[in-house]
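*Asks:* One structure follows; several queries about it will come next.
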Amino acid sequence: VYSCRKPKTKRAKRFLEKREPKLKENTKNAMLIKGGNANLTVTEVLKDIYAVKKPFAVLYKKKNITRPFEDQTSLEFFSKKSDCSLFLFGSHNKKRPNNLIIGRMFDYHVLDMIELGVEKFVSLKDVKNSKCPEGTKPMLIFAGDVFDVNEEYRRLKSLLIDFFRGPSVPSIRLAGLEYVLHFTALDGKIYMRSYKVLLKKSGCKIPRIELEEMGPSLDLVMRRTHLASDDLYKLSLKQPKALKPKKKKNISHDVFGTTYGRIHMQKQDLSKLQTRKMKGLKKRPAEKSAEGGGVSPKKSKSG
């Protein structure tokens, strides 16, 4: 393991420091691996996903004879070598034609992976439209109740978000929202579509939005799954204490998001409270004399 090695040069030291655990982790990289019997369709799918993921991806062009569901040592080796925590493995055989295995690693070991079969594929080059620049962060849309009901589909949704989300950004501008990845789960199939967002003139400040299909387009069906146990999955989601928000005393929020603060004050003497000087609030002479304990200066008229 890289952490056990002692660097001999400053360059090697910087290299190892980049791979050390951090409070805010680097953007997750993905490795795209071609199996020993991958056909043209699988190869084109891997190339298009690589084009979508660049520059946070590594494409292995040579064929690698391995079966991830039976032996995961090769994937773990490539994960350590390329410092990638996401992977997409493509293969093809008579039993499972046009096969894709999408998964992620935790501590350089396979956390979970899901096998998907490609039933229909439209490549980037087959759609004759303008493309988005490299490194564009996509907007992810998931349609279908099954993504929230079924555990396997729920884990697939989490896996796809992890795979395509890209870098975390502090702010967003409207012109930067130009790429949409849409996943629809319907009748046992998953439909992946990608669109370019076109901002048209609308006669007001808010532009009129149109979606133009860009590619790649995939019709997928779920096959085998290898999901992490609840304990391991919970461990992988654990955050360091430094990142957890500190609780603030006497602050509460209502259902609408309004913040309320409770202030503790010492007891005040309201009789000495300075108010606005108005005629209606002025004390009468009788009230002043009563406070002073003296006799009123006015004498009562004799009958």
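The backbone N, Cα and C atoms fix where each Cβ goes, glycine too.
Keep in mind that TrEMBL annotations are predicted by a computer and have not been checked by a curator.
A quick note: this is a predicted structure, and the numbers were derived from the prediction, not measured.
What TrEMBL records for 274-283 is compositional bias 'Basic residues'. Residues or ranges marked as domain 'Brix' in TrEMBL: 28-231. The region 'Disordered' annotation in TrEMBL covers 267-303.
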*Asks:* Sort the residues of the compositional bias 'Basic residues' (274-283) into helix, strand and coil with DSSP and give the three counts.
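*Replies:* Helix (H, G, I), strand (E, B), coil: 3 helix, 0 strand, 7 coil.
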*Asks:* Average pLDDT across the domain 'Brix' (28-231)?
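*Replies:* It averages 88.
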